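What follows is a set of notes on a single structure, which appears directly below.
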Amino acid sequence: MADEEMDGAERMDVSPEPPLAPQRPASWWDQQVDFYTAFLHHLAQLVPEIYFAEMDPDLEKQEESVQMSILTPLEWYLFGEDPDICLEKLKHSGAFQLCGKVFKSGETTYSCRDCAIDPTCVLCMDCFQSSVHKNHRYKMHTSTGGGFCDCGDTEAWKTGPFCVDHEPGRAGTTKESLHCPLNEEVIAQARRIFPSVIKYIVEMTIWEEEKELPPELQIREKNERYYCVLFNDEHHSYDHVIYSLQRALDCELAEAQLHTTAIDKEGRRAVKAGVYATCQEAKEDIKSHSENVSQHPLHVEVLHSVVMAHQKFALRLGSWMNKIMSYSSDFRQIFCQACLVEEPGSENPCLISRLMLWDAKLYKGARKILHELIFSSFFMEMEYKKLFAMEFVKYYKQLQKEYISDDHERSISITALSVQMLTVPTLARHLIEEQNVISVITETLLEVLPEYLDRNNKFNFQGYSQDKLGRVYAVICDLKYILISKPVIWTERLRAQFLEGFRSFLKILTCMQGMEEIRRQVGQHIEVDPDWEAAIAIQMQLKNILLMFQEWCACDEDLLLVAYKECHKAVMRCSTNFMSSTKTVVQLCGHSLETKSYKVSEDLVSIHLPLSRTLAGLHVRLSRLGAISRLHEFVPFDGFQVEVLVEYPLRCLVLVAQVVAEMWRRNGLSLISQVFYYQDVKCREEMYDKDIIMLQIGASIMDPNKFLLLVLQRYELTDAFNKTISTKDQDLIKQYNTLIEEMLQVLIYIVGERYVPGVGNVTREEVIMREITHLLCIEPMPHSAIARNLPENENNETGLENVINKVATFKKPGVSGHGVYELKDESLKDFNMYFYHYSKTQHSKAEHMQKKRRKQENKDEALPPPPPPEFCPAFSKVVNLLSCDVMMYILRTIFERAVDMESNLWTEGMLQMAFHILALGLLEEKQQLQKAPEEEVAFDFYHKASRLGSSAMNAQNIQMLLEKLKGIPQLESQKDMITWILQMFDTVKRLREKSCLVVATTSGLECVKSEEITHDKEKAERKRKAEAARLHRQKIMAQMSALQKNFIETHKLMYDNTSEVTGKEDSIMEEESTSAVSEASRIALGPKRGPAVTEKEVLTCILCQEEQEVKLENNAMVLSACVQKSTALTQHRGKPVDHLGETLDPLFMDPDLAHGTYTGSCGHVMHAVCWQKYFEAVQLSSQQRIHVDLFDLESGEYLCPLCKSLCNTVIPIIPLQPQKINSENAEALAQLLTLARWIQTVLARISGYNIKHAKGEAPAVPVLFNQGMGDSTFEFHSILSFGVQSSVKYSNSIKEMVILFATTIYRIGLKVPPDELDPRVPMMTWSTCAFTIQAIENLLGDEGKPLFGALQNRQHNGLKALMQFAVAQRTTCPQVLIHKHLARLLSVILPNLQSENTPGLLSVDLFHVLVGAVLAFPSLYWDDTVDLQPSPLSSSYNHLYLFHLITMAHMLQILLTTDTDLSSGPPLAEGEEDSEEARCASAFFVEVSQHTDGLAGCGAPGWYLWLSLRNGITPYLRCAALLFHYLLGVAPPEELFANSAEGEFSALCSYLSLPTNLFLLFQEYWDTIRPLLQRWCGDPALLKSLKQKSAVVRYPRKRNSLIELPEDYSCLLNQASHFRCPRSADDERKHPVLCLFCGAILCSQNICCQEIVNGEEVGACVFHALHCGAGVCIFLKIRECRVVLVEGKARGCAYPAPYLDEYGETDPGLKRGNPLHLSRERYRKLHLVWQQHCIIEEIARSQETNQMLFGFNWQLL
């Protein structure tokens, strides 16, 4: 039959080319009897051809061929007509109720704390956004991959199971259309096709043969093409695999990386093709090379090309099945049926089970497809989900064992699907009842851990494998899942099966009971710390499971009693050693106890007692249910053996006490760590707390005296309480004292800790409230810190939110820090100093805080215990411990020793505890007396405490001893507490003595009242004393104040004449800017320039602490500084740099300020010599350091010695040279030196230089005016006639520092090697001056601060030093070079100056031109023979005319670029419309329009032009004011210290010698300026710019800010979920990162998006930062809610994100998962970090505080 079919198959034309019509194969298949065989023959012909090129496949062509040749024909065969039409019909037939989206790693999931049945119930982004849960208390988390959206699952949600999209009755769907049944023909076809397709997928996926295929798939002409296939494993790192491939295949790095990335993503990859021998050789080479770098060789196989082809297609067919099943429930059901059918006559299980069992052997890519198949079929149909779960449980043990042996992540293992089944309540019940799943899981645990069992059948995890044990936790997790929701209805079968599972679980606990026993090390310290982490980790994993088992048991009284019996039996079986050992007798004060001879300090002891603790938990639940009375029916009294039950927990507590007493210090850190976790919040519920409960159980059942004797014996303190003890050994005394303190503390806990439902009459809410109260008594805490200190239940809930507002109030956070909760005053009364969850540190802190608070409130410092709640009936006898003989003996002994001056067997802490016990006893008796008549109260603490200790003559009772203690000076701090106790004795005495006729409660109230009266009297007395002290202090202060005033009046003259020079450096602006300078002289430019008030400047070096006056002739002093590239002001973010550093001409700055060079300083001063020594020392120490360098020493980086800011240079501090102008000369010169004359003089000078340096060439002398003037006017030396003086001389030290700083600016600004002779060095100096001023002005404007009134100290000092450095820097350069630069700068405003590459007026930033021209201008006075500079008067005119010319040019710039759309411009103010300024603006603009051929337009009204001009020019004027102030030292007007926009403009104009109506400038200089205006407007470059309006920069430039972020963080996550990597089409986890500068989303930390920069690989973020922020950038990691600051290629740091939860806290990594909202204040702070150029500083500071040996590789971010 097979042969005949083969012939038939061959007769059909199945060429590899796509068939003309997909119906052909479909109709041919229809004629075959056996579809499976025919289908396989079809695939045998086509698949090897389609998937032939495995090494370098054309994926698009492959997909097209598969679709046309195989999948479309299959769809035709399935539907019998055009599949596109059928699928479209099915698509619109109605919404399916289950979402079923499978999460990929990194996707955000949402859970609702209000509605989810458990935390594993999650929603995908889309369902969440359209669900009711959006407005609930939701949580956000990042999926590890493999989960499943539970939208539509009614068992997952208490309310709101459907989102809008999956709602059954939503608009557009009817009940009928929700399930649109397929017609019978399609169903019949599906039943025929699906089994064959599934069988093929399964067979090919689990195919083991490397060289052969099943007979049906074999073809006659077999090729000899093989592949060497490398598989992924978790033993080898990326680099290991790349190294092995490079060596074995002799390939390039890029090819090896490509292979490695594919292997990591898909799980396998063909790395070599060829004949079998070649591939085999490659396989051996790869294995041997991989063994060189790791113990495990890489997994490599040689596969035939046809096998590879079919395996690849099988997965493609799986994806197709996923698609088809998404259209119809019928398809899913048919698929599930086919998967579950077992082949008749075969031993193999059903197909889905075969896939499950093969899962661990499959590679990653295959697993993903197959898991998706399961998700889209079985998990979408509840009935089949149940059947799948049964198959899963059937093979559970085998699957888990294989997973534990596997090395792949849990998320891609079939075992990870357990959460989808075991957490469904009905399914969990079914699996417990039908398959005893609890027993299956617990037995699996025992079967996978046998290697860790010792000869006593106890676990011992010494030398454990962390990876393997981590995988075992998955099994423990499944136990948690199955128990996560308690049954509401108990059937007999469920009860029986649960008990069976519980017994099985007890076997695990039996192996843990007493595991890893230790013995105290004596004499010699332990050599190697034993492993302890594994045992504690398993304890943590089991914590909630233990609680859940107890809760399940407590659901049913009979079940609880049976479970108690089973647990009791298990404890007794583990305690056989104890019962059979030798006994000893303990005697004290007439009582004796026979107990086992055992010492914790000598014998073996274990901290692990889960059986005993489980029994304690069950006992509490019995008490809570009131079922203790029935306990004897299940556990007879004689068999209860309470001494045995108490023994092991007591040993544990004794061990803790002895560790505190340092008796176990030779046992190393291992034991200390175990003790820490024993009491830590992560473990204490099922360790420490349960041990206390077990002792309370013992105390409630045993005779109190015997119980205390047992405690004394185990604490090894019976000798310490014998009267005869006498020792001089101080260490032993200290040890005894510590042990007594620890024992007393445990006794306090046994008697006083009743806040456990079932132990005391309390609710769960009261327990949590008490925990919170005691945490907040330590200090106010943020929400997360409180939550961290509270135990979580199985749903990760603490119950905190439900009660926190009852006990505390929330205090909102500021710009930094977080919000905190503060305890309400009314909750302070519940403070218990000996709260059993306090650590030693917390106890001390809480006690200190509460005493301090009481002192501030003028209250006594006594901290008695609050009245405890009543014990439950089962525990009511515990209070008898307080009044028993042994307790009285212990207390009396402690007090007697304290009174005895010679005794040292007591401490103050011990006394405090004894007082606390006394207080508890008296409170207990008081409460009982208040509730019942005296004769009914059996508790008799008062009389026992009042009784004499013995019949001796000097015998004393406790009250008498307290009176004596009150008088001991050393116990002054305890005096208030003693007083409180003595008063309480009186209160109880009065209650006892009241007549029986009076109702007890009444007498109790009277007692309380009298007690309150006493307290009130004391309080009033204390208040009176405090008031008297306050008045006394006030009187003294008044006297001192009077004396002070008198002294000042007497020495008034001295105060008036003293100038405050000393505080100069601390002030923000110089003091001369106020009253010392008249308002008229506050002008910086022109002949009316005010004086520069300079004072002697004496600075202190932060390194040597020596003072030095700043003088030109002295050695240099320097400011630490940082020069950096900046894009903070750019108007064109991400603008590419046209030229590299070598070719860039920095003389002219583009008006968009795309890239600037910023110089900032922290303001700290050093001697230049001291700094050089410091820098050399830093270099030396850096060479000796082993950890990563924090800064780049080659680039001159260092940390400021004082503030640790990152610096890379120093600015020399040069004093300002005072320049005084003679007013008479000024007036004379004003008549002579007009603007026209000044321009001619300047042009003549420049022309003269050109003639001088042109070497014989005839230069063109620029002519500005038509009329000729005499030659004498143009004389070369005429500029000198207006006033000169000799140049300033600087010391060599200052010159050196000037050259050093200038070279640094050049090197960093242009990113070139240092070259102090480069002609661009002065250009970069001017550029950084201009840009720094612009950046500071922009920052002040952005913050709405005044120009001079809000400068930070470091900004002020930095600008002052920078400007004076720039003046000096010119003198270190050849003046000929400066001339050339000046000529080029002036050519912008004087177009007739012939110069190369002069930019158009709209293509240059004129403030940069102004700074360069002002600083370079003195070079015109230089001559070969004599070194001159302009006189103050000459300078004043030079500055004035330069500034006026450039200002007029800038006005033209602004008006030409003004947006004529009035709606977007400034609003019209009252009176502006017909103002003089408006008329001038209109007239001037008409003139400009004529010169620009009408391109400028003239549609805008005058008032609009004037307002646009004023707004546009203000930043320029502000920058100019800063420039001239720091250049000349002239005090600015008062208005510039205040915050007034109107006053500011007129003050700026006044200071800069401008008319407030700026158009008057043009009128004043009209004859001179008109030809210039014509040339400016007629410039072809300008006219071209005007035609392209959109490309023009408008003024004022927009202030940059960080991008707008959404208020709700989930919107950002939604945005990230749609992010697709631009270079990768796969669904692998990506790390979307948002650039906060420009809003680009990048693919971070992925090889796919790495770039090569200067031969080095850099990540997408670093590459983006180089273009977007000149190497500096701020990113937000969206899926982690982390802000990252990046600088350069190798530096970065984390920074608090601006998103906060409702408690004012950030949530990096979304660990807590609370809803997050944008904090505008935090975001503003981040914006300021950027605009203040502090990003580099933040990074350096962060790296300095978080130094690591191996840091994060920022380069690949």
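Numbers here mean position along the shown chain, with the first residue as 1.
Cβ coordinates are placed from backbone N, Cα and C, and glycine is handled just like the others.
According to Swiss-Prot, Cys112, Cys115, Cys127, His133, His136, Cys163, His166 bind Zn(2+) 3; the candidate from Cys121, Cys151 that the record adds to this site is Cys151. Within Cys1611, Cys1621, Cys1661, the residue that Swiss-Prot lists together with Cys1635, Cys1638 for binding Zn(2+) 6 is Cys1661.
Of all ranges given (698-733, 1022-1057, 1346-1381), Swiss-Prot attaches the label region 'UBC2-binding region (U2BR)' to 1022-1057.
A simple way to gauge crowding: the CB of Cys163 (Zn(2+) 1 binding site) has 23 other CB atoms within 10 angstroms, across all the protein chains here.
Within 8 Å of the Cβ centroid of the Zn(2+) 1 site, not counting the listed residues Cys99, Cys124, Cys127, Cys149, Cys151, Cys163, the chain contributes Lys101, Leu123, Asp126, Phe128, Ser131, Asp150, Gly152, Asp165, His166. Of all the binding-site residues given, namely Phe148, Asp150, Cys151, Cys1104, Cys1203, those whose Cα is no farther than the 10 Å limit from the Cα of Cys124 (Zn(2+) 2 binding site) are Phe148, Asp150, Cys151. Closest to Cys1170 (Zn(2+) 4 binding site) by Cα-Cα distance, out of the binding-site residues His133, Asp153, Cys163, Cys1162, Cys1638, is Cys1162.
Using a 10 Å Cα-Cα cut-off from His133 (Zn(2+) 2 binding site), the binding-site residues that qualify among Cys163, His166, Cys1101, Cys1104, Cys1162, His1167 are Cys163.
The binding-site residues in question are Cys112, Cys1200, Cys1635, Cys1638, and the one with the fewest Cβ neighbours inside 10 Å is Cys1638. Taking each Cβ in turn and tallying the other Cβ atoms within 10 Å, the top scorer among the binding-site residues Asp150, Asp153 is Asp150. Counted over every protein chain shown, other Cβ atoms within 10 Å are most numerous around Cys151 among the binding-site residues Cys115, Cys151, Cys1203. Around Cys1661 (Zn(2+) 6 binding site), taking its Cβ as the centre, 28 other Cβ atoms fall within 10 Å, counting all chains. The Cβ centroid of Phe148, Asp150, Asp153 marks the peptide site; residues of that chain outside this set whose Cβ lies within 8 Å of it are Leu98, Cys99, Gly100, Cys121, Val122, Cys149, Cys151, Gly152, Ala156, Phe379, Gln420, given in sequence order.
Cα spacing between Cys1162 (Zn(2+) 5 binding site) and Cys1101 (Zn(2+) 4 binding site): 14 Å, rounded to the nearest whole number.
In terms of DSSP helix, strand and coil, the region 'Disordered' (842-868) has 15 helix, 0 strand, 12 coil.
Annotation note: Cys127 (Zn(2+) 2 binding site) sits in a helical segment as assigned by DSSP. Using a 10 angstroms CA-CA radius around Phe148 (peptide binding site), the binding-site residues that qualify from Cys99, His1167, Cys1661 are Cys99.
Candidates Asp153, Cys1101, Ser1182, Cys1200, Cys1638 (recorded positions) were compared with Cys99 (Zn(2+) 2 binding site); those inside 10 Å Cα-Cα are Asp153. When Cβ neighbours within 10 Å are tallied across all protein chains shown, the highest count among the binding-site residues His136, His1167 belongs to His1167.
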